[in-house]
Amino acid sequence: MDKLTIQASKPLTGSVVISGAKNAALPILMAGVLAETDFVLSNVPELRDVSTSCKLLRCLGAEVDELGGGRIRISTTNLNEFCAPYDLVKTMRASILILGPLLARFGTADVSLPGGCAIGARPVNLHLHGLEQMGAKIEVKEGYIKARVDGRLKGAHIFMDMISVGATENLLMAAALADGITIIENAAQEPEVTDLAHCLIAMGAKITGVGTATLKIEGVERLQGCEYRVMPDRIETGTFLVAAAVTRGRIRCENADPASMEAVLAKLEDAGATVTSGEDWIELDMHGKQPKAVNIKTAPYPAFPTDMQAQFCVLNALAQGTGRVTETIFENRFMHVPELIRMGANMELEGHTCIIQGIDKLNGAQVMATDLRASASLVIAGLMAEGTTLVDRIYHLDRGYEHIESKFQGLGAEVIRVK
């Protein structure tokens, strides 16, 4: 099993090209099922979850051609299977996003209950309840969600009991082919949801309220394929910016989307960074200074993203002063904390809050990645640890970061993949 070895780094310097957003690419790949003609995506990252999504689409009978250079073509002309099996779904929660498209276009879907990162329950009941409101008959049996509808799904007025990115995406895709108007209230406003909506509109969907908490979808009878470019990955961007801040460096992120990162950029400025940006780039400069501790509280977009929480725990661990990091989205999302404590971090958990007293250096150690973003935080920690840090179980990293070691190497870090 692959591991990463990391040596203490000089300040990171240089430029890094940001990949397409995993959390936008996965639902957009599933949206390909809705299209009656060929669908071509670009800026798709080379990731394990993307590969799993392509396998799932092929398993259903779709033709999926990886054209190179981050381009994928999908044809559903011969799609004739409607079951997403456990073997594929168990490794990736986003597999649940095939449910809405299959049901909306073909009237039937059997989807195994999902797996993915072990960061809490993340129930699928919001997905199912919304689809039932649109006329679907659903039962959960022997580990599978079995959904059927006679004819087309029907437009409905859906109020989400809690904000859910995945449920918003599933219902948005289903509503695009429903009969009548669907209104989704308390919808997730994440940029990746907006990216999916823009893709659906390019396919012929009628959606208003994009980027707000109320989405209105006027269902159409059919959708066509299109060419669409996936948005840049704001979490990958934030990860590299935090790494630069922790190492007191100066970097430039190309192919970035500053507009989707206001909460993160504001906290980096609070930490003492000079942040400048253009339409598709962001520069961060620490001027050689140690960052200052910041207080973080995760919440749905446009507030601070839960997917950047672990990285900012490391920033606070190596900052001047004391910072508090409060997690409100997922339970059990501080699994990186015991590993960071093993590296010498001064951290204490009080319920959903981690209180962190900053120090100058950590100590290299063998640590274990427990989920995707925790993995990234351990890599950043290794850049400011004396000696060698060995990060085990990096298959989590490969689910969400494209060529992470080579990108860090391009910024001057000693991050090496070993068997």
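Including glycine, each Cβ sits where the backbone N, Cα and C put it.
Since we're looking at a predicted model, the values are computed, not measured.
Copied over from Swiss-Prot:
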type	residues	note
BINDING	Lys22, Asn23	phosphoenolpyruvate binding site
BINDING	Arg93, Asp307, Ile329	UDP-N-acetyl-alpha-D-glucosamine binding site
MOD_RES	Cys117	2-(S-cysteinyl)pyruvic acid O-phosphothioketal
ACT_SITE	Cys117	active site, proton donor
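Set side by side, the binding-site residues Lys22, Arg93 differ in how many other CB atoms lie within 10 angstroms of their CB, and the most is found at Lys22. Recorded residues Asp307 (UDP-N-acetyl-alpha-D-glucosamine binding site) and Asn23 (phosphoenolpyruvate binding site) have their alpha carbons 11 Å apart, per Cα-Cα distance. Packing around Asn23 (phosphoenolpyruvate binding site) is summarised by its Cβ count: 24 other Cβ atoms lie within 10 angstroms of its Cβ, all protein chains included.
Sequence-distant neighbours of Ile329 (UDP-N-acetyl-alpha-D-glucosamine binding site) (same chain, 6+ residues apart, CB-CB distance under 8 A): Thr298, Ala299, Pro300, Thr306. Site extent for UDP-N-acetyl-alpha-D-glucosamine: the farthest pair of Cα atoms among Arg93, Asp307, Ile329 sits 16 Å apart.
The two recorded residues, Asn23 (phosphoenolpyruvate binding site) and Arg93 (UDP-N-acetyl-alpha-D-glucosamine binding site), have Cα atoms 11 Å apart.
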